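Down below is the structure, laid out as structure tokens.
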Amino acid sequence: MPSRRRGPSRQQLSRSALPSIQTLVGGGCGNGTGLRNRNGNAIGLPVPPTTALITPGPVRHCQIPDLPVDGSLFFEFLFFIYLLIVLFIQYINIYKTVWWYPYNHPASCTSLNFHLIDYYLAAFITVMLARRLVWALISEATKAGAASTVHYTALILARLVLLTLCGWVLCWTLVNLFRSHSVLNLLFLGYPFGVYVPLYCFHQDSRAHLLLTDYVVQHQAVEEAASNVGSLARSKDFLSLLLESLKEQFNNATPIPTHSCPLSPDLIRNEVECLKADFNHRIKEVLFNSLFSAYYVAFLPLCFVKSTQYYDMRWSCEHLIMVWINAFVMLTTQLLPSKYCDLLHKSAAHLGKWQKLEHGFYSNAPQHIWSENTIWPQGVLVRHSRCLYRAMGPYNVAVPSDVSHARFYFLFHRPLRVLNLLILIEGSVVFYQLYSLLRSEKWNHTLSMALILFCNYYVLFKLLRDRIVLGRAYSYPLNSYELKAN
């Protein structure tokens with residue numbers, strides 16, 4: 001029989017019909033991973049750099065309007081008035097009387113037991129609460145400058161008189177408190193300072209020495225400056241750190257850094273480190289000052305109450321928690337304004353994020369060895385520290401194994417995350433206070449809730465105003481900004 005020409009086998013046909021994987025992915029499976037055949041041997045394919053595969057486009061930022069922010073002196077004045085109001089409310093909760101009863105006791109003719117109030121303690125608390133306002137007043141007067149020698153001399157004398165008066169009142173109240181109270185009670189007066197020293201002095205960073213304007217220089221100069229700053233910070237003694245931290249504590253006018261949109265991955269990471277240190281310092285200042293205010297306003301008066309005096313412990317503790325939450329939100333709103341949160345959002349957009357993958361997945365996908373000098377596009381798989389990661393952001397220069405980079409991206413890649421959290425906290429407090437106001441049966445509960453609500457309405461109004469304006473600004477298409485700019 002005549003032999004027929006046999007066609008290609010099914011296996012050969014399937015192999016010849018498929019294009020090469022190098023053509024599909026552009027040869028991007030490289031840097032030691034590559035493709036493997038059935039025997040497990042690697043197929044040597046030429047691997048172009050990652051930038052030849054996909055070039056990440058430039059990061060485009062939204063333009064937000066300049067929202068009004070309270071000045072340092074005005075905010076400190078409002079914050080001081082708020083603390084005085086809640087201090088007055090706490091004294092009402094402790095020393096209230098049933099003044100509508102018949103006059104069987106001399107104290108029942110007044111709404112408070114004024115003869116039980118320690119006025120030296122009240123004066124001491126007032127001076128401690130006014131420390132930020134006094135320093136803000138001095139700072140604003142110093143910024144104004146002196147037009148003549150007489151003006152400068154009068155300014156110096158006014159500062160000396162003001163500081164001397166505050167110091168004299170503080171010493172006078174302390175001497176009288178030492179005479180009338182035990183040593184155990186007096187230890188409560190300085191407890192926040194015992195927390196302040198380890199919080200600020202033992203965890204000093206180089207935030208005050210690193211400026212974001214330094215990121216425009218070359219990377220080598222930045223590294224040399226950082227190493228010099230680190231050696232200077234390590235050579236400081238404890239007294240220098242204490243004085244520096246006290247100066248930063250009283251300096252309310254903290255400048256907001258700027259964003260320079262760096263193109264180098266090293267510069268982006270350095271900018272993130274500086275912003276992260278600055279953000280941690282601001283949060284530390286918010287936590288300390290809010291706890292400091294709540295401690296002296298709501299907790300310290302309870303420590304000096306006589307054992308024979310009855311007061312509602314649950315309501316006083318609830319008042320303490322409310323004061324701390326409100327102070328925390330007010331300080332956070334002032335120290336983390338919208339411009340600052342937008343700056344953190346822009347830096348997070350340049351940083352990117354990596355998602356850790358389990359072993360066994362994406363075994364046939366192109367994989368790369370992570371390099372610190374590469375800007376990785378979205379969806380790229382890299383290997384770092386024997387783990388597999390996938391790029392999640394449009395720009396990715398973060399270290400895959402660095403948890404702090406992942407936290408930074410999680411907090412700030414959405415620009416309204418911090419603002420939404422503050423609105424949720426303050427709104428929950430306001431709704432709870434309204435509910436307590438409706439169900440209150442005692443006159444001191446009604447008065448305290450009504451006064452605090454007036455203060456919280458102002459804070460909630462500012463938060464909602466910023467949320468509405470920024471929400472519309474961030475939802476605006478980026479192409480519209482480009483057309484408007486052109």
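Using N, Cα and C of the backbone, Cβ positions are placed for all residues, glycine too.
Between N31, N444, the residue that has N-linked glycosylation site written against it in Swiss-Prot is N31. The transmembrane segment (317-337) is in contact with the transmembrane segment (72-92), judged by 3+ CB-CB distances under 8 Å for residue pairs 6 or more apart in sequence. Sequence-remote contacts of a segment are chain residues at least 6 beyond its ends whose Cβ falls under 8 Å from one of its Cβ atoms, and for the transmembrane segment (110-130) they are 80, 83-84, 87, 91-92, 95-97, 99, 166, 169-170, 173-174, 176-177, 180, 189, 293, 296-297, 300-301, 304, 306, 309. Listed by sequence, the residues of this chain that lie at least six past the ends of the transmembrane segment (285-305) yet keep a Cβ under 8 A from its Cβ atoms are 83, 86-87, 90-91, 94, 118, 121, 125, 128-129, 132, 181, 185, 188-189, 191-192, 195-196, 199-200, 249, 311, 316, 319-320, 323-324, 327-328, 331-332, 335-336.
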